[in-house]
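> This structure is in structure tokens; I'll ask about it shortly.
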Amino acid sequence: MDYFPIFCQLQNKACLLVGGGEVAERKARLLLDAGAAVTVNACEFTEQFHDWAEQGLLSLVSGEFAPELLAEKWLVIAATDQVAVNALVYQSANQQRVFCNVVDDPKRTSFIMPSIIDRSPIMIAISSGGKAPVLARLLREKLEAMLPQHLGQLAQLAGNLRQRVKQHFAAMTDRRRFWEKLLTHDRLAQSLANEDQVQVEQHVEQLFNAPLSDRGEVVLVGAGPGDAGLLTLKGLQQIQQADVVVYDRLVSDEVMNLVRRDAERIFVGKESGRHTVPQDQINQILLQQAQQGKRVVRLKGGDPFIFGRGGEELETLADYNIPFSVVPGITAASGCSAYSGIPLTHRDHAQSVRLITGHAKKDSQLDWANLAAEKQTLVFYMGLSQAGEIQQQLIRHGMPAATPVALVENGTSRHQRVVSGELSQLALLSQQVSSPSLIIVGSVVSLREKLNWFSSAEHGKTGMKEQVERVG
């Protein structure tokens, strides 16, 4: 370990910054954020430094650096573009035993400034020891994306509750279970993010008053259409906190690989027209797992509220007062069309888009005359087995037989395949693809040849490319 990681309390501590340019500005912001009493020494200063000085946030000392400026200082940062000045600052600081950082000069540095993730009071520092600062920055960006913005508020809430928790729970195991429930409570987290103090207090009281074993919850998460990169950040956070993940066939292996390793996985195998596990039984699985005090993620392909029967599952939970929340996902229509180079709307082609299920209840009747209207795009989910009926009804109700159509198989994945042609060929085209597939009908499909980007790019280590076929 080349450097000992340490967090310094600089509130009202005297610190010196040598340099008055843009680099020094960035360092000054960090010192000011930490509450330090900052003195800045330089021959010239940027406008920002003058503004800070006028506001009384720091002091300016104009002129050449002199060792006397280090008197009674806790630390110094040298951020000039003059090597000799920076060397003098470092030498003087060493002689007076003052911690010194020389920007971009690891050999003349007694402390380094890491990349920082600030979720005060939670602070995360990342350093490469000056070896690879760009790598440290990239790591910080990845962690920034993973950590929710309300994390600091959650930590502050936990701090406020510590004494009460000690008094309320005598056993350490009960305290630990309480903290785990509180710190992973999705609805509480959302209330903190919304700054809804009333809801926050209600959730906290519910956690204190309900038996620990009864404090399960269900989070309905949309996994997106296939590409794991399309899973939302919040969705990723949820599947990595889950005790149990209930998932179906439309969730890709790549997404499942992101699930918390020790989480229980329950496969319910849903697909169009055939359910390995009936919907009523899925509802009961969610209910029973939550009643055991577990954090349950119901992971569904696409978006759970678009032909995903997510609403039906939540109704059951609501009937039994099980806490639940929803994390939307990118629906198949959006993902598959984008990865196929087919804009769902376009001023010259379509002013609206219709999302239609090809697997509705038996007594449901579609308004085919309305669907056959011009200037719109139709997207049929789970419509492969009904392709012949869709073709026949749309043509019968006035849609031109030459209307462009596309079928997208395994959309957004490395196995994506697109078959395109005309409406009059839809039944034939459907025989060339397998489920899961999406049917897109409308003149926007004609833009695919010009706008398709996915087929020309290699994906992953396999270098596989989208397969494209056209009939006609």
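Using the three backbone atoms N, Cα and C, a Cβ is placed for every residue, glycine included.
According to Swiss-Prot, the active site, proton acceptor annotation covers Asp248, on the basis of sequence analysis. The active site, proton donor annotation in Swiss-Prot covers Lys270. Taken from Swiss-Prot, the feature NAD(+) binding site covers Glu22, Val23, Cys43, Glu44. What Swiss-Prot lists as S-adenosyl-L-methionine binding site is Pro225, Gly301, Gly302, Asp303, Ile306, Thr331, Ala332, Met382, Gly411. Sequence annotations record features per position, and here Swiss-Prot assigns phosphoserine to Ser128. Residues or ranges marked as region 'Precorrin-2 dehydrogenase /sirohydrochlorin ferrochelatase' in Swiss-Prot: 1-204. Swiss-Prot lists 216-472 with the feature region 'Uroporphyrinogen-III C-methyltransferase', giving sequence analysis as the kind of evidence.
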> Neighbours of the NAD(+) site Glu22, Val23, Cys43, Glu44: Cβ within 8 Å of the Cβ centroid, same chain, sequence order.
Gly19, Gly20, Gly21, Ala24, Ala42, Phe45, Thr46, Ala79, Thr80, Asp81
> Looking at the binding-site residues Val23, Ile306, which one has the fewest other Cβ atoms within 10 Å of its own Cβ?
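Among the binding-site residues Val23, Ile306, the sparsest Cβ neighbourhood within 10 Å belongs to Val23.
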> According to DSSP, which kind of secondary structure is Glu22 (NAD(+) binding site) found in, if we only use helix, strand and coil?
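Reduced to three states, the DSSP call for Glu22 (NAD(+) binding site) is helix.
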> If the S-adenosyl-L-methionine site is taken as the center of the Cβ atoms of Pro225, Gly301, Gly302, Asp303, Ile306, Thr331, Ala332, Met382, Gly411, which further residues of that chain fall within 8 Å of it by their Cβ?
Gly224, Leu250, Phe307, Gly308, Gly329, Ile330, Ala333, Gly335, Cys336, Tyr381, Leu438
> Please tell me which one of the recorded positions listed here (Ser128, Pro225, Asp248, Gly411) sits closest to Cys43 (NAD(+) binding site), measuring Cα to Cα?
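Looking at Cα distances from Cys43 (NAD(+) binding site), the smallest one goes to Ser128.
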> Of the recorded positions Glu22, Val23, Asp248, which one sits closest to Ile306 (S-adenosyl-L-methionine binding site) when you measure Cα to Cα?
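In terms of Cα distance, Ile306 (S-adenosyl-L-methionine binding site) lies closest to Asp248.
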> Should Ala332 (S-adenosyl-L-methionine binding site) be counted as helix, strand, or coil on the basis of DSSP?
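Note: Ala332 (S-adenosyl-L-methionine binding site) is helical by DSSP.
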> If one looks at the chain holding Gly302 (S-adenosyl-L-methionine binding site), which residues at least 6 apart in sequence have a CB under 8 angstroms from its CB?
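Gly222, Ala223, Gly224, Pro225, Leu250, Gly308, Gly329, Ile330, Thr331, Ala332, Gly335 - these are the non-local Cβ neighbours of Gly302 (S-adenosyl-L-methionine binding site), listed in sequence order.
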> Could you tell me the maximum Cα-Cα distance in Å between the residues recorded as binding NAD(+), namely Glu22, Val23, Cys43, Glu44, rounded to a whole number?
15
> Ranked by the number of other Cβ atoms within 10 Å of their own Cβ, which of the recorded positions Glu22, Glu44, Asp248 ranks first?
Asp248
> Minimum Cβ neighbour count within 10 Å among the binding-site residues Cys43, Ala332: which residue?
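Candidates: the binding-site residues Cys43, Ala332. Fewest Cβ atoms within 10 Å: Cys43.
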> Going by C-alpha positions, which of the recorded positions (Glu22, Val23, Glu44, Asp248, Gly411) is nearest Ser128 (phosphoserine)?
Val23
> Express in Å, rounded to the nearest integer, the largest CA to CA distance found among the S-adenosyl-L-methionine-binding residues Pro225, Gly301, Gly302, Asp303, Ile306, Thr331, Ala332, Met382, Gly411 named in the record.
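Between the outermost Cα atoms of Pro225, Gly301, Gly302, Asp303, Ile306, Thr331, Ala332, Met382, Gly411, the distance is 16 Å.
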